[in-house]
Structure formats: C-alpha cells, structure tokens
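A quick write-up on the structure given underneath.
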Amino acid sequence: MRTLWIVAVCLMGVEGHLTQFGDMINKKTGTFGLLSYVYYGCYCGLGGKGKPQDATDRCCFVHDCCYGTVNGCDPKLSTYSYSFQNGDIVCGDDDPCLRAVCECDRVAAICFGENMNTYDKKYMLYSFFDCMEESEKC
C-alpha cells in the first residue's frame, strides 16, 4: 500500500501528455489509468525489457515500439489534442509528430480495454529482476 501511495504522489506532478494518456485509459477501461498500469509487468511504465507477461503487458510493449517510431518530438512530454466522440478516441492534431504520439496512446488505451480480462494484480509493481529474458524486437 505504501508503494501505491508513493506512485500516486509522484503522478500528482505529471502534466501534459501523461495525464492525457491516463484520461484515455480511464475512458476505455473504467480504471484510474496511470496508477493501474504505471508499473505493470515488464513494459508498462518507464523503459521495458524481457518478455511481456500477458496481453496487457503486450499492449505496453507495442506502445513502447510505437513511441520508438515517433520523430520530431518527445512522446513522453508532448501535449496533443484529442477528443472523445461516441466512445471513440479521436486524435486531432495537425502536427504529424503530435498526431503520431496521440495515435500511439489511442491504440494502447484501446488495447488495455480489449484485454482487461488478462489484467492480473500479480503483475502490478512487478520486479524488474523478473524481466531478464531476452527482449522481443518491435
């Protein structure tokens, strides 16, 4: 419980894109987005290595790969425009880099929603030391 409190305090200062991504996750899963996924499995959160532990963790792996294709802005810091229309996330930026970041986040949020049945609390706050298998390629 103490660790979750620390994570919550750290996230209170998060601005811009990460709060946008959390909002997308919340809309698609009904969960408190960032807290539910920030340190889940081997790929959700900062960095990532090893083998994705389940379909939820694979959503994060694919999200990391997507960020790796973004050029011209920092995916973790860029603020983009988006809206929710009839339950769908719609990215609305004219800037190609910001639109790409939004699309990465949109696809990941949808993936989390589609794979909620694989979410397993044993992978919350998962140890980095359990992610030592060879990493897959994007």
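Every residue gets a Cβ built from N, Cα and C, even glycine.
When Cβ atoms from all protein chains are considered, those within 10 Å of His63 (active site) total 23, not counting its own. Taken from Swiss-Prot, the feature active site covers His63 (among others).
Positions annotated as active site by Swiss-Prot, on the basis of similarity to another entry: Asp105 (among others). Sequence-distant neighbours of Asp105 (active site) (same chain, 6+ apart, CB under 8 A from its CB) are His17, Gln20, Phe21, Met24, His63. In the three-state DSSP scheme, Asp105 (active site) is classed as helix.
Here Swiss-Prot flags Tyr43, Gly45, Gly47, Asp64 as Ca(2+) binding site. Sequence-distant contacts of Tyr43 (Ca(2+) binding site), defined by Cβ-Cβ distance under 8 angstroms and a gap of at least six in the same chain, are Pro52, Asp57, Arg58, Cys60, Phe61, His63, Asp64.
The Cβ of Cys42 (disulfide bond) has Gly48, Lys49, Gly50, Lys51, Pro52, Gln53, Asp57, Phe61, Tyr126, Asp130, Cys131 as same-chain neighbours under 8 Å, each 6 or more residues away in sequence. As annotated by Swiss-Prot, disulfide bond applies to Cys42-Cys131 (among others), with the evidence given as similarity to another entry.
Cβ environment of Cys44 (disulfide bond): Tyr37, Val38, Thr56, Asp57, Cys59, Cys60 lie under 8 Å away, each six or more residues apart in the same chain. Annotation source Swiss-Prot lists disulfide bond at Cys44-Cys60 (among others), citing similarity to another entry.
Cys111 (disulfide bond) falls within a helix when secondary structure is assigned with DSSP. According to Swiss-Prot, the feature disulfide bond maps to Cys59-Cys111 (among others), an assignment based on similarity to another entry.
According to Swiss-Prot, the feature disulfide bond maps to Cys65-Cys138 (among others). Around the Cβ of Cys65 (disulfide bond), the same chain contributes Cys138, each under 8 angstroms and 6 or more positions distant in sequence.
Take the CB of Cys66 (disulfide bond) and look out to 10 A: across all protein chains shown you find 19 other CB atoms. Sequence annotations record features per position, and here Swiss-Prot assigns disulfide bond to Cys66-Cys104 (among others) based on similarity to another entry.
The secondary structure of Cys97 (disulfide bond), as reduced to three states from DSSP, is helical. If you look up Swiss-Prot, you'll see Cys73-Cys97 (among others) marked as disulfide bond.
Taking the Cβ of Cys102 (disulfide bond) as centre and 10 Å as the limit, one finds 26 other Cβ atoms among all the protein chains shown. According to Swiss-Prot, the feature disulfide bond maps to Cys91-Cys102 (among others), an assignment based on similarity to another entry.
Positions annotated as signal peptide by Swiss-Prot, on the basis of experimental evidence: 1-16.
Here Cys111 (disulfide bond) is positioned 14 angstrom away from Cys102 (disulfide bond), judged by their C-alpha atoms.
Of the chain residues outside the Ca(2+) site list Tyr43, Gly45, Gly47, Asp64, Cys42, Cys44, Leu46, Gly48, Lys49, Cys60, Phe61 have their Cβ within 8 Å of the site's Cβ mean position. Cβ-based crowding with a 10 Å cutoff singles out Cys104 as the top-ranked of the disulfide-bonded residues Cys104, Cys131. Here the C-alpha separation of Cys111 (disulfide bond) and Cys91 (disulfide bond) works out to 16 Å.
When secondary structure is read from DSSP and collapsed to three states, His63 (active site) falls in the helix class.
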